[in-house]
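Novice: Dumping the structure here so I can ask a few things about it.
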Amino acid sequence: MFNYQNNVLLIDDDFDILESYADLLQQESYSVFATAEPKEIINQIPENWCGVVICDVLLPGISGLDLLGRIIEIDSQIPVIMITGHGDVPIAVEAVKKGATNFFEKPVSPEKLLIQVDNALKKRKKVIEKRQWQMEKINDVFIGSSVWINELKKQLQKLANSNLPVFIWGEIGTGRHLAATYLHKLSDRETLLMVFHECTQNDNINIIELIKETKSGTLVIKNVHYLPVEEQQYLIQILHHDESQFRLILLSDTELNELIRYRQISAEFYYLFIYTQIEMLPLRKHITDVADIFTHYVKNICVRLNKPIVIPDKKMLQNLRNKEWHGNVKELINVAELYAIGLLSHIPLVVPPVFNDPQMSSLDEQLNQYEKQLIEDALVFYQGKINDVVKHLNIPRKKLYLRMKKYGLDKKSYKL
């Protein structure tokens, strides 16, 4: 049975060739698994397998190209060496274009094959070592054991090894900037510049200057909905250019679907990021991680301040899990610091801030604000087309106009 110890997976439907290659590789102390039926074996490749695949281009029941595609789906950095007959060279060339490491034409030179396998395994070992280093760094910062936090770590690691633009969204305090920082730190751009710009309303942003400043590093832009459409289009053109060297990361408190729904980003921007989104969940949605995060930061703060390490008791940790963390992880870290230095002996279960606000609006004011927001959202979505807004809100046209007049809303302001 194929396992983690095997460092060569040999695939060919010719049993004589299988035996010949296997003997050659085993004499060089490689642990070889040879098979003529690879369909099920491919699914047994373990995560972060430190091995190389040697595969014939033509196989019964499945082509070498299809097999290559399945291997790449599992791990795009697994080295795959294709073996081909004289008439199948074009297929092997296509395989290299699609991600194979190399190909050899039959009959294969034993010396060349051994050199290629040795080189491929050395490169693979470096890939695995880098991944282990990346995961150690991620584990130091993204604390917890929930399903979400584990998936987040894997997603960050995979994206760190690519140059793809990334869209990170979530509530304030969920760690959006931290995720962007580690995408940069764990990538090959680690030693290059990371440029951060927060867009604001009426921002006179100069994208050209930001790109020049970034050079080959990482450009992080927060609040992309304030970025003018012209600047969005320019960014897209640059990113689609073959000579584009920098990486783009966007941070937002609004999900991508909402931004496109309300025309706050261009369609091109939407499709650029649709497959590389990272949602940073609020603490209430991974509350099981609270105790681990709190304990981790209390310990770190005590060590940093050269104080005896404080161990939170069970009651304290239970209170943490029962609290509503409106400020998310950022608030939890602040509480951990106060607890570590002895300024907080218990965690008050504070009611939501809206009920504590002495300046809270009256019911009528809140209803008016809500009604205005509904009308304004509809005007934005339908670009000021009153007929569509009337149907959407299911109110008479005259009533809509009266409400718009009341709230100072002009349909012309919403037309593109």
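A Cβ is built for glycine as well, from the same backbone N, Cα and C atoms used for every other residue.
Bear in mind that TrEMBL entries carry predicted annotations, made automatically and left uncurated.
Straight from TrEMBL, here's the annotation block:
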{"type": "DOMAIN", "residues": "7-121", "note": "domain 'Response regulatory'"}
{"type": "MOD_RES", "residues": "Asp56", "note": "4-aspartylphosphate"}
{"type": "DOMAIN", "residues": "142-341", "note": "domain 'Sigma-54 factor interaction'"}
Novice: Looking only at the domain 'Response regulatory' (7-121), what are its DSSP counts of helix, strand and coil residues?
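Specialist: Per DSSP, the residues of the domain 'Response regulatory' (7-121) fall into 52 helix, 22 strand, 41 coil.
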Novice: Can you work out the mean pLDDT of the predicted model over the domain 'Response regulatory' (7-121)?
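Specialist: Taking every residue in the domain 'Response regulatory' (7-121) and averaging pLDDT yields 92.
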Novice: Cβ-Cβ under 8 Å from Asp56 (4-aspartylphosphate), same chain, 6 or more residues apart: which ones?
Specialist: Ile11, Asp12, Asp13, Asp14, Ile17, Gly64, Met82, Ile83, Thr84
